[in-house]
Each structure stands twice: as structure tokens, then as C-alpha cells.
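What Swiss-Prot says about this protein:
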type: DOMAIN; residues: 68-103; note: domain 'EF-hand 1'
type: MOD_RES; residues: SER69; note: phosphoserine
type: BINDING; residues: ASP81, ASP83, ASP85, GLU92; note: Ca(2+) 1 binding site
type: DOMAIN; residues: 104-139; note: domain 'EF-hand 2'
type: BINDING; residues: ASP117, ASN119, ASP121, GLU128; note: Ca(2+) 2 binding site
type: BINDING; residues: ASP164, ASP166, ASP168, GLU175; note: Ca(2+) 3 binding site
type: MOD_RES; residues: LYS165; note: N6-acetyllysine
type: DOMAIN; residues: 188-223; note: domain 'EF-hand 4'
type: BINDING; residues: ASP201, ASN203, ASP205, GLU212; note: Ca(2+) 4 binding site
type: DOMAIN; residues: 229-264; note: domain 'EF-hand 5'
type: BINDING; residues: ASP242, ASN244, ASP246, LYS248, GLU253; note: Ca(2+) 5 binding site
type: MOD_RES; residues: SER261; note: phosphoserine
type: MOD_RES; residues: SER277; note: phosphoserine
type: BINDING; residues: ASP278, ASN280, ASP282, LYS284, GLU289; note: Ca(2+) 6 binding site
Amino acid sequence: MDLRQFLMCLSLCTAFALSKPTEKKDRVHHEPQLSDKVHNDAQNFDYDHDAFLGAEEAKSFDQLTPEESKERLGKIVSKIDDDKDGFVTVDELKGWIKFAQKRWIHEDVERQWKGHDLNEDGLVSWEEYKNATYGYVLDDPDPDDGFNYKQMMVRDERRFKMADKDGDLIATKEEFTAFLHPEEYDYMKDIVVQETMEDIDKNADGFIDLEEYIGDMYSHDGNADEPEWVKTEREQFVEFRDKNRDGKMDKEETKDWILPSDYDHAEAEARHLVYESDQNKDGKLTKEEIVDKYDLFVGSQATDFGEALVRHDEF
């Protein structure tokens, strides 16, 4: 096995290698927390800072003077105002908050983009992705590595075609993001459900029964008793997952399980920020209204810590 094959196998095996038989595998795609801080504006605005900027970027604003914070906040506002009409709406603010919280996704896409846009034309074709990902292992397969690369490639191609909205087999940056992180896009959620069901549905009848459901998240270790969480999951399946009580989950029931429609924290925070900053109560914010409430959005220190501090200038 050459180095490329080894690295590919390593990446595929990592999740399995780190798992223990009694550990629970979580199939549910959770929305990330906006902040791990308590949301109490009467004490401080730390939660709002984390939500608006992302936790790491919020730390960099703590190093700035009020004047510097206002200047950088003004630049951010221009980016939030998508339609450039001079106002920031709840929807635009919600979109920004979601972007700030999911910046790691964009960083992952940028990293992978460089390795797959082989001709550097600002697009990634299916052929480029296939050659970069599967070229070596398909040309010289190792029968002992335990992976069916042709099957994996077929599955990747199906997902790529789903992400590729115009059907030209060439992905833009946005389409490539949908391919790599389909759970983040509404139009990709069916493929997330389909792939999940294919993984779990061992008898290929198009449903997930109780034993398949438990078998996916728990590997029985010899004669050991089942952990309590496994018993709880059995109860969850019967009481909540299998909504029509037919002993198995269909596509809709599986979708409700792995892609729950939880409370939208980003929208709640966006509405809160608009409510607190909207001086003329027209339901949207101007740059001036946002900068006037800079302490709510980004905060700052009252003093300049000097040149010794390393400041991040992503914005």
C-alpha cells in the first residue's frame, strides 16, 4: 500500500479506531451552540459577542479600544448587509450569526478546495474530485485494506450530482460546500437521510428496525450487560422514533430523528439584537444604530494594550 492509500485508509478508520463497544454513536446532526456563556444582558454581553462574532473572534475584540471596536464593527456591518440597501434585517443578521458559528465548515472547504481544484479555474469538477480522491486506489487497489472504493466512489458521485444544482458536474464553491457538508443545506437533506439509511438498514428492506437502530450505535461486547443508555435508546425507538408504531422507521421518521427541527437559536439572537438596537423601531438596523450599540455586538476594552498584542484582522 502506498502513502496515499495509507492516508486515505487512516482517515476512514479514525472514527472506528477511537470507538469503544459501549460508546454511543450519535447520528443526530445538532445545531452548534451560539455560546457556552449564560445569556444575561443585565450582567454582561458576553453571550451576544460570541453569537455575533464566534467565540474566537470575540476574544480578539476584547483587546481593542472602543474606537477600534466601532471601526471594525462598521466594516462587518457592510458585509452583513447582503442586498446593500443600507439596512440590516433580522434575516441578514441571522445569516451572519450562522456563518460566524459555522466558520469551521468554511475553513474545511477552503482546505479541501485547494487539493481538488487541480486546474485552478475556481471550480471543482467531478473528474477532478474523483481523480484526486480515488485515482491511486482505483488504479492499484489493495485487496486487504477492507474498503470497497468503487462503492464509495459511486456514493460520492451521487452526492456530488445532488449538490450540483445546474447538473454540469462542475461544482462552484457553494455547491462543493453542500457536497462536503450536506446536513447544512435543505436541498441536500434527503441525501443525508438516504446515506444514513443505507448505513444502518442491513437487510436492505428500506426501513430501520429496532435491532438495526441499536446495532448501529452499540456493538455488544461478549456477555456484558447492555449499558443503561442502550436500554433508554430502545425505549426512545418505541416511544418516539417509530411514530406510526409499525416496528420500524421509514424515511420521514429517520429524517425527524437525525435532522430534528429544533429551536432556532440564531434567529432568536438576531431578533434580540435588533430589538435592543432598533432606535426608531422600524424593524431593521442602520450601521449607525449598530455602531451606537457596539458594546452589545462586540464589546471592547477601555484601554489600548499596545503593539505587543497579536490582533486578528479577518474582518
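A Cβ is built for glycine as well, from the same backbone N, Cα and C atoms used for every other residue.
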Of GLU128, ASP246, ASP282, which of the binding-site residues has the most Cβ neighbours inside 10 Å? GLU128
For ASP83 (Ca(2+) 1 binding site), just give me the three-state DSSP call. coil
Residue pair LYS284 (Ca(2+) 6 binding site), GLU92 (Ca(2+) 1 binding site) - Cα distance, angstrom, rounded: 10
Looking at the recorded positions LYS165, LYS248, LYS284, the one with the fewest other Cβ atoms inside 10 Å is LYS165
So which other residues, same chain and not among ASP81, ASP83, ASP85, GLU92, have a Cβ within 8 Å of the centroid of the Cβ atoms at the Ca(2+) 1 site? ILE80, ASP82, LYS84, GLY86, PHE87, VAL88, THR89
Within the same chain, and leaving aside ASP164, ASP166, ASP168, GLU175, name every residue whose CB is within 8 angstroms of the centroid of the CB atoms belonging to the recorded Ca(2+) 3 site, in sequence order. ALA163, LYS165, GLY167, LEU169, ILE170, ALA171, THR172
Inter-residue Cα distance where the pair is LYS165 (N6-acetyllysine) and ASP242 (Ca(2+) 5 binding site), in Å: 33
Sequence-ordered list of residues in the chain of ASN119 (Ca(2+) 2 binding site) that lie 6 or more positions away and have a Cβ within less than 8 Å of its Cβ, or none, is GLU128
Are there any residues at least 6 positions away along the chain from ASP164 (Ca(2+) 3 binding site) with a Cβ closer than 8 Å to its Cβ? List them or say none. TRP126, ILE170, ALA171, GLU175, PHE179
Counting other Cβ atoms within 10 Å of each Cβ, which of the binding-site residues ASP81, ASP83, GLU92, ASP117, ASP168 scores lowest? ASP83
For LYS284 (Ca(2+) 6 binding site), name the DSSP secondary structure in the helix/strand/coil scheme. coil
Please determine which of the recorded positions listed here (ASN203, ASN244, SER261, SER277) has the lowest count of neighbouring CB atoms within 10 Å. SER261
Helix, strand or coil at LYS248 (Ca(2+) 5 binding site) [DSSP, three-state]: strand
Provide, as an integer number of angstrom, the distance between the C-alpha atoms of ASP121 (Ca(2+) 2 binding site) and ASP168 (Ca(2+) 3 binding site). 15
When distances run from the Cα of GLU289 (Ca(2+) 6 binding site) to each of the binding-site residues ASP85, ASP117, ASP201, ASP205, GLU253, the nearest one: ASP85
